[in-house]
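J.: From Swiss-Prot, here are the annotated features:
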type     : residues                                                : note
BINDING  : 31, 32, 33, 34, 87, 88, 89, 90, 100, 101, 102, 103, 127 : substrate binding site
ACT_SITE : 109                                                     : active site, proton acceptor
């Protein structure tokens with residue numbers, strides 16, 4: 001496996017984010033490589049400190065890692081509010097609008113973001129882009145009527161492919177749905193407009209755009225961490 005050139009940056013971001021966690025918190029665990037480092041950093045604190053927390057995970061992968069490291073997890077059906085969610089992103093533009101869902105967990109990730117009192121996105125410098133869309137836009141779609149949903153997408157100019165897994169079959173999300181990766185268009189200067197158009201298609205479960213009140217911490221290979229906030233109410 002190719003070594004991640006930003007692994008040290010992700011670890012540094014994760015440790016600083018883990019320092020925000022205090023006893024009594026319910027913590028939302030995102031998905032992806034940066035979130036994995038955050039989960040590990042939380043586990044390190046639990047091993048060294050008398051920290052009383054619970055967590056809820058946005059994906060089976062994050063759940064399994066947290067469970068294996070001894071992080072207490074709650075029933076993911078019954079939480080109403082999360083104190084802090086820490087997650088990553090695939091792309092972030094200058095307005096801190098972002099694309100998430102490269103790992104296929106966008107539906108659950110957005111529920112956690114919606115439920116959280118504080119939303120923190122950790123990103124290395126490679127995730128900062130001038131315009132969203134270069135690496136594609138993941139859309140979670142229903143298996144029922146799959147072909148008709150894709151036809152509706154194509155009819156309004158959104159072209160792509162169903163995501164495949166490592167065995168060559170269709171990638172299935174933790175919710176039993178498909179991921180359709182849109183590659184055309186490949187730039188989204190006004191993602192709010194695209195989000196509204198896409199959500200009008202019945203059968204689209206969730207779209208990878210995140211336009212919300214979030215904090216974003218950008219980590220750089222020179223050791224700097226730049227902390228920004230959308231300022232959206």
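Every residue gets a Cβ built from N, Cα and C, even glycine.
Note that the structure is predicted; figures quoted are calculated from it, not measured.
Relative to the rest of the structure, where do these features sit?
T.: Counting only same-chain residues at least 6 apart in sequence, those with a Cβ under 8 Å from the Cβ of residue 33 (substrate binding site) are 4, 10, 88.
Taking Cβ-Cβ distances under 8 Å and a sequence separation of 6 or more, the neighbours of residue 109 (active site, proton acceptor) in its chain are 30, 31, 58, 59, 87, 100, 101.
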J.: Would you pick out, from the binding-site residues 89, 127, the residue whose Cβ has the largest number of other Cβ atoms within 10 Å?
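T.: Result for the most crowded candidate: 89.
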J.: For the recorded substrate site, whose residues are 31, 32, 33, 34, 87, 88, 89, 90, 100, 101, 102, 103, 127, find every other residue on that chain with a C-beta no more than 8 angstroms from the centre of their C-beta atoms, and list them by sequence position.
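T.: Neighbours found: 30, 35, 109.
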